[in-house]
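The domain 'Ig-like' annotation in TrEMBL covers 1-101, 212-307, 391-463, 793-881, 1003-1091. Annotation comment: TrEMBL describes 596-692, 694-789, 890-985 as domain 'Fibronectin type-III'.
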Amino acid sequence: MFVEKPPSNITAVAGSDMTFVAKVDSSTLTRKPTMKWLKGKWLDLASKAGKHLQFKETYDRNTKIYTYEMKIIKVVPGDAGGYRCEVSAKDVCDSSTFEISVEAAHQDDQADILSAFKRADAGEDEGDLDFSALIMLAFYYIHPFFFLLPPHLSHFFMTDRKKKPEKEEPEIDVWELLKSAHPSEYEKIAFKYGITDLRGMLKRLKKMKEEPKHSEAFLKRLESCYTVEKGKKIVLSCEVVDPNVQVKWLKNGQEIKPSAKYVMEANGNIRTLTINKTNLADDAAYECVVGEDKCSTEVYVKEPPVTITKLMDDYHVVVGERVEFEIEVSEEGAHVVWLIQKDKDSTKYRFKKDGKKHTFVILEATLDDAGMYHAWTNGGHTKGELEVEEKELEVLQDIADLTVKATDQAVFKCEVSDEKVTGKWFKDGVEVLASERIKMTHVGRFHRLIIDDVKPEDAGDYTFVPDGYALSLSAKLNFLEIKIDYVPRQDPPKIHLDTTGNMVSQNTIIVVAGNKLRLDVEITGEPAPTCVWSRGEQPITDTEGRVRVEARKDLSCFVIEGAERGDEGNYTICVTNPAGEDKAMLFVKIVDVPDPPENVKCTGVGEDCATIVWEPPKFDGGAPIKGYLMERKKKGSSRWTKLNFDVYESTTYEAKRMIEGILYEMRVFAVNSIGLSQPSLNSKPFMPIAPTSEPTRLTVHDVTDSTCSLRWLAPEKIGAGGLDGYIIEYCKEGDTEWVAANKDLCEKQGFVVRGLPVGEKINFRVVAVNIAGRSLPAILSQPVTIREIVEHPKIRLPRDLRTKYIRKVGDKINLTIPFQGKPHPVATWLKDGKPLDPKMVNVRSTNVDTILFIRSAERDHSGTYELTLKIENMEDKASIVIRVIERPGPPQNVRVTDVWGFNAALEWDPPKDDGNSEITGYTIQKADMKTKEWFTIYEHNRRTNCTASDLIMGNEYMFQVYSENLCGLSEEPRLSKNTALIAKTGLDYKPNPYKEKDMACAPKFTQPLVDKSVVAGYSAAISCSVRGFPKPKIVWMKNRMIIGEDPKFLMQNNQGVLTLNIRKPSTFDGGKYSCMAVNELGQDEVECKLDVRTVMIPVRK
């Protein structure tokens, strides 16, 4: 991936600026690469960006190369150490390491070399202590709340604490401490003496030490370090001097025992340690020990990148609501880092893990919680925005004034929008306290003040104040004092209506649906009048039920429990006595929350917005519609997001901040003075989509007297809406009216506009169309004159047809010859100056090429074919020579012309039929008259004669010859007319003297026995090899005792390879095994150690 990396070793001067550049080729990548700059092993330098460290990223569209820069302003000694830049994109990863050394400006004194690894206390310009980031990272791994600590706590960890003045102590040489200390003590010493770049200091320490003595035990040591991905296998290998020596493997100083995870092998001088299924615990230092000598290495385990499969959503909530940011990652148990922009109070935050789901919870959102929230994995990043609105309290039902008589009950009731809101009641500015006679209740959104047995002192102004809101609701309690004077004479009845309270006019009463209406009407008259309530012409006589009439002294009570819309209408009260009658008419109006809005639909979309319209509800609840509240959600989701907190009055709304290509649904609530309606039906799913960008590179391909051929490329930006096709439009120069050239969308990137007037100058443009509509047009810069251009005919003869075109009999011939010319030229074919026979050759011509086709070639098709291209009086010609060939016939007159010694001379004549191709050679074969088996003695012989050599004396030979051309050998050979007889002559055989070699030797083992560790119960074998003559006698021994005919042991000897098979060994079969080879010239012996181990199997309870 890297095309340019930072230099591996860099030396900087303190106080100067340094810039490091890395370039990445993204031409083969499917998404933008991610670059990380690291110091040491894990410290991400992105958290250090500021005045001292600056990062820059640029992109070249032409070369598709990303350039990443890291700049260190005013290098300080603390910047020295090892650095690494890592680039990753999906499943591809690459890294580069480099080392920075810092030299003091104009100072050669090495006495203060330790200061290059310490932090100075002079100020910010001396560099930040790297251990702050390491401590922060360590705290995060302990608990992720560290990033959400209050400022005074996080500042404690991320800044230097002032040290108390201490007594001066004698200077300590840290170099000497490190030289003499165990490696496990390095970090403790570094922390105690303020060493930040421990890795760099250890490298300097390694250079200061004396050169190690030459290893006498190792031929090849372990590599300095190994890198492996988590879950993969890694093999550590070294080579020892002695092939029989035993080695020990250590991990962080502890000996490693053989297991399924750690497999140790010895193969000759090679010793290997295989670590299977590596994990982060295998990231350690390893050593191979041979006696007092050892070699070491480090293994770095890289965790594979964890990608984020479900991104974080944005939230829009009100104060006090619960917020849950949820993401999904590619692996269970993955490590996720949550980070916010501000210092927050961590008591209300929670973290949850459920398989691949990770959730960050804010229990009760406040205004301070608004901002961006980030989540990182080692292979991805996502963020979400939290918007918090101040919660507004809406009064759904106000307190009404009351007029009551002595001993009656007074009930003040109000309704607010939030069920959780509490409040206090006041009378004339003094808080009302609960008692046996005065009770205060809070049920849901309703707050009530109930006063039993009303007294004159209870009259006054009553106020309800919600806690936490600058709001108050007031009403007045009027005490009605009734005085009755006895008049002995008769009085006509009189109805006394109270026009206060719920009566908005003299005879109209408004009741909220679901509430109780109780109308107490005072009646006077002597004697006591009779009262009748009626609705329309229907009298109301029920004294029990939802709608009833209650009679009291001097009062008539009309009650409706749980008012409904059907209760609305005119009600009449009629009172009569002997002195007369009185009537009053009342209109009861029932008000309710409105019906939901109707026909919610999307009328237009943009790249991140959509226009929503709806119709007002059919029933407004008896109160004017104040406005609407909108909500949206993603299709398939169950979580609705509020789009407005203030009432929106119009029936058209433009929803913004949506994601292109995602399906959304909308619903609308209607609001009146009574409350909030039920939600409307969900709108049909719609998708925010933007039109494509304009097509690119619009050019004219061809022009005739009535047509114009256009070509173009697809738009650079297509978007989630895709591309449905193109519309081609044209207009005459000077006109403004564009005419569409195609009725249906053109899916190709080319179109021929037809029916154009000759000689006119025409402007052309092309528009891309998708579901979101038309794009901006791509317009030709200059108008096109509609007139065909005369072009001379020209034949473009392919290179392979400019020489003889050779094909075999039966082959298919298909020649395509392109040409050009305007107007369209006429192509004519001739063969050897005569017109073609259409029965033998097929010809098909188009406007741009002509095709000569022969289904099955014959030798008669050979000849010279001439193509003539004509345009009026202009023409062009081209000739093609076609030769059709086949196998030749056999040679003529094959004969033996001479025989001498072991040789015979042959001659023949060329074949009569050469197959229409030059004879390239001959193949000659011989056969003796006894076996008559043919053997080839010459191939590709170009002459018509040859000499057969190395013939066997006493045999008689006959010969045959094949002719050969480009098609191959002739189908039949030609036999020689006569034979060649090789006569016998007298010969004397004198063999060389032979001396037999003495092969006797004493036994010698060429391959020794090797120590082995086996598992009890599994058959094992030990092997060695021996040589010796005479064949030695083999004796196997265990612990110096000869192994007899024990059926547990099977001894084999295969060509000197000796094998002892042990059937299902037990722990008693372990010990020293030796093999002795003995013959009359001497003996030799080898031995090995066999270790039989048992495997512990856990028992399930």
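Note that Cβ sites are derived from N, Cα and C of the backbone, with glycine treated the same way.
Predicted automatically and left uncurated, TrEMBL annotations should be read as such.
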Maximum Cβ pairs under 8 Å to the domain 'Ig-like' (1-101) - stretch from the list 212-307, 391-463, 596-692, 694-789: 212-307
For the domain 'Ig-like' (212-307), residues assigned helix / strand / coil by DSSP: 3 helix, 50 strand, 43 coil
Helix, strand and coil counts within the domain 'Fibronectin type-III' (890-985) (DSSP): 0 helix, 51 strand, 45 coil
Helix, strand and coil counts within the domain 'Ig-like' (1-101) (DSSP): 7 helix, 60 strand, 34 coil
DSSP-derived helix, strand and coil totals, residue by residue, for the domain 'Ig-like' (793-881): 6 helix, 52 strand, 31 coil
Helix, strand and coil residues within the domain 'Ig-like' (1003-1091) as assigned by DSSP: 3 helix, 58 strand, 28 coil
Per-residue pLDDT averaged over the domain 'Ig-like' (793-881), given as an integer: 89
